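Working notes, structure below.
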Amino acid sequence: MGGVDTAQQTTAQDTAQDPASTTPRTVTVTGAAGNIGYALLFRIAAGGMLGPDTSVRLRLLEIPAALGAAEGTAMELADAAFPLLADVEVTDEPARAFDGVQHALLVGARPRTKGMERSDLLEANGGIFGPQGRAINDHAAQDVRVVVVGNPANTNALIAAAHAPDVPAERFTALTRLDHNRAVAQLAARAGVAVTDVAGVTIWGNHSATQFPDLTHARVRVDGTWRPALEVVDPVWAGEEFVPRVARRGAEIIEVRGASSAASAASAAIDHLRDWTLGTGVDADGAPRRTSAAVVSDGSYGVPEGLISSFPVTSDGGTAWRIVPGLEPDESVLPGEGGRLAATVAELEAERDAVRGLGLL
Ligand SMILES: NC(=O)c1ccc[n+]([C@@H]2O[C@H](COP(=O)([O-])OP(=O)(O)OC[C@H]3O[C@@H](n4cnc5c(N)ncnc54)[C@H](O)[C@@H]3O)[C@@H](O)[C@H]2O)c1
Ligand SMILES: O=C(O)C[C@H](O)C(=O)O
């Protein structure tokens, strides 16, 4: 990795020990002129991702045809006079956009439209992530953390990681926090509690319709007492309604809104990078708070090593998420034979093989 000045090489731990640090952190957003980009940038500049005491330097990457729109967004960012915004640069050159990057949000990619599955985007979008992975490899800061939002997110993250041999693979992640947040919201609504009264939900596998939103180890706080979620809600509802509802929510949003989710995706990407960088902390009952993220598999839960799959994770603010052990899902609530974790992993393997076949890996 190169092109980094030493002032940018503060680690997450340094920032945590010195919250008043004024050294700006470098944040790169690709697809900055798109719908998610527009919803992301103002929250990041306002301190919504790295906290109220950490200033940010924004790098906006776009394709040439969208540079004008990105410039316009940069003008609006200036007009907002955010105290934490050190500077903004707009470019169509990945090498410039990723120079010294510490937090990379790879959003730029085509969204699906009605009737498509996310995997239909493999060929259209896969080609974007190799060159960006290479540019991260060559120009990012030592403590770079990457989240891929552009679909199909898990496999795009795999492509980016494969093109960055000098960056530890654990730094490349994909966004399943939106699915996680959707699962929390659905469970809270069903149980009649606040979202803050829900903990321990897990999303397994691919950010696709095959994902497994799992309540086996989830907890719900009812009248001040934490109880297993599957004692509070009907397990038949969990298997037959909750799982497909969460897994197909992206398609439902496209159907109703006429465009793919944007603000909720931006919010989830901010949650992902905030929790990774600042740590996941503890839940209201004092248990370590966990969330879901698609990270490189170390072979846990039978997911083949090297695939980028969603797992239950925690972060202590270091540069790697930790996969939480001992949370095997109980598939008995699912209709049919179960095998949902195996099916979503098989889909990830098929996507990996497909991009290999396209020469993208
Ligand atoms: N993982 C998730 O949870 C999640 C959620 C919502 C959307 N998404 C995905 O995020 C992606 C972006 O969605 P959107 O609604 O912002 O789309 P959009 O079409 O509004 O914006 C995409 C932007 O990316 C830009 N772009 C295309 N190729 C690029 C490249 N090589 N480098 C830099 N920029 C490039 C385009 O010019 C455009 O401005 C889509 O693939 C969508 O499916 C993922
Ligand atoms: O579903 C999509 O295509 C967009 C996004 O991945 C989502 O989950 O909303």
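Every residue gets a Cβ built from N, Cα and C, even glycine.
What TrEMBL says about a protein is an automatic prediction, not a curated fact.
Database features, via TrEMBL:
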type	residues	note
COMPBIAS	1-23	compositional bias 'Low complexity'
BINDING	GLY31, ALA32, ALA33, GLY34, ASN35, ILE36, GLY37, ASN125, GLN132, VAL149, GLY150, ASN151	NAD(+) binding site
DOMAIN	176-328	domain 'Lactate/malate dehydrogenase C-terminal'
ACT_SITE	HIS207	active site, proton acceptor
Annotated NAD(+) contacts GLY31, ALA32, ALA33, GLY34, ASN35, ILE36, GLY37, ASN125, GLN132, VAL149, GLY150, ASN151, maximal Cα-Cα distance (Å, integer): 20
Can you tell me the mean pLDDT for the domain 'Lactate/malate dehydrogenase C-terminal' (176-328)? 97
Which ones in the same chain are close to GLN132 (NAD(+) binding site), with CB under 8 Å and 6+ residues apart in sequence? THR30, PRO94, PHE98, LEU106, ALA160, HIS163
What is the interatomic distance between the Cα atoms of ALA33 (NAD(+) binding site) and HIS207 (active site, proton acceptor), given in whole Å? 23
Taking only the Cα atoms, work out how far ASN35 (NAD(+) binding site) lies from the residue listed as 'active site, proton acceptor', in Å, as a whole number. 19
Intrachain C-beta neighbours of HIS207 (active site, proton acceptor), sequence separation six or more, cut-off 8 angstroms: ARG118, ASN151, PRO152, ALA153, ASN154, ALA174, LEU175, THR176, LEU178, ASP179, ALA294, SER310
For GLY31 (NAD(+) binding site), what residues in its own chain, 6 or more apart in sequence, show a Cβ-Cβ distance under 8 Å? GLY37, LEU61, GLU62, LEU106, VAL107, GLY108, ALA109, GLY150
List nothing but the one residue from ASN35, GLY37 whose Cβ has the fewest other Cβ atoms within 10 Å; the candidates are the binding-site residues. ASN35
